[in-house]
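Going by TrEMBL, these are the annotated features:
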type	residues	note
DOMAIN	27-273	domain 'NADP-dependent oxidoreductase'
ACT_SITE	TYR54	active site, proton donor
SITE	LYS79	site 'Lowers pKa of active site Tyr'
BINDING	HIS112	substrate binding site
REGION	273-298	region 'Disordered'
Amino acid sequence: MARTTTAPTLQLNNGVTMPALGLGVFQSPPEETTAAVEAALRAGYRHIDTAAAYFNEREVGDAVRASGLDRSEVFLETKIWISDYGYDETLHGFEKSAGKLGVEQIDLLILHQALPSDFDRTLDAYRALETLLADGRVRAIGVSNFMVDHLTRLLDHASVVPAVNQIEQHPYFQQAEVQAFGERHGILAQAWSPIGGITFYRDSGHANALEDPVITEIASAHGKSPAQVMLRWGLQHGRSVIPKSTNPARIAENLDVFDFELSAEQLSALDGLETGKRGGPAPEDVTLETFGRDIPEA
Ligand code: A2P
């Protein structure tokens, strides 16, 4: 029988524990998501990261129920989309997500983006997260794609320090400054596109980190794959990582990263791959006009 791995946990700033590695379902088509999450739970994943704007929360919930695992064994993270920002709107956004997931309580609820052009609305949305936390509807709250100035403005107003900031982080785009700012304030960095942002890079003519000679050489030295090396690098930098895959073999491969360790030299060789080029959208460009989309009712 195949060996089942489970990820070690990280402690969030409010004491809640979260598996360090989870399955990301960004760009998992709804019709493939249930099978992918089921495969992940079978392989030993206990943390799934989705979002209202991925339009696959219902399928994530179906897979958790089909797994037979107790609800308390699976850490569910989802995100409120910018179109649902504002205090009342975000409270309702929670109801939509919880309804689709089919759960009473969400483990980690985060704001998907800052709205730099309407930051007051972002602050109102965050205030709603604080209410949901106080009411026990969510176990932890956080943000995503917040840069240092967004975090600074948020901390000026918030009564609860976000537990997590989920940002694009891989060897080609590391956001060390955002992570360091978070570390100083107790905000855990969580890496999306942790294996090279190739979801975006594929079509944009960027290099593919999976083929990078520095990464492939380190991978060979450990008898591991390039994806596993990048995940291990992120974990050894103290991040949570949420690789996306809908392929059962790659889902299992991505969890199998807890039996080797990168040396200090290997970590710094990977650190040296920074390009300064992000793969995803620039957080400053996110506006309701360009990125607004209706999030359906549960
Ligand atoms: P697939 O779903 O077919 O496995 P990221 O999370 O960094 O954005 O990467 C996601 C992309 O990388 C998806 O296109 C996914 O495709 C692919 N992928 C996921 N795991 C691996 C792996 N271990 N090796 C190669 N490609 C992978």
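Cβ coordinates are placed from backbone N, Cα and C, and glycine is handled just like the others.
Source: prediction; values computed, not measured.
Beyond the ends of the region 'Disordered' (273-298), by six or more residues, the same chain brings 52-53, 55, 81-84, 93, 95-100, 113-118, 145-147, 150, 168, 171-174, 176, 192-193, 197-201, 204, 206, 209, 212, 214-215 to within a C-beta distance below 8 angstroms of the stretch.
Residue density at TYR54 (active site, proton donor): 23 other Cβ atoms are found within 10 A of its Cβ, drawing on all protein chains shown.
The average pLDDT the prediction assigns to the domain 'NADP-dependent oxidoreductase' (27-273) is 95. For the pair the residue listed as 'substrate binding site' and the residue listed as 'active site, proton donor', the Cα-Cα distance reads 11 Å.
In this structure, the residue listed as 'active site, proton donor' is part of a helix by DSSP. Cβ neighbour counts within 10 Å, taken over all protein chains shown, single out LYS79 as the most crowded of the recorded positions LYS79, HIS112. The helix, strand and coil residue counts that DSSP assigns across the region 'Disordered' (273-298) are 7 helix, 0 strand, 19 coil.
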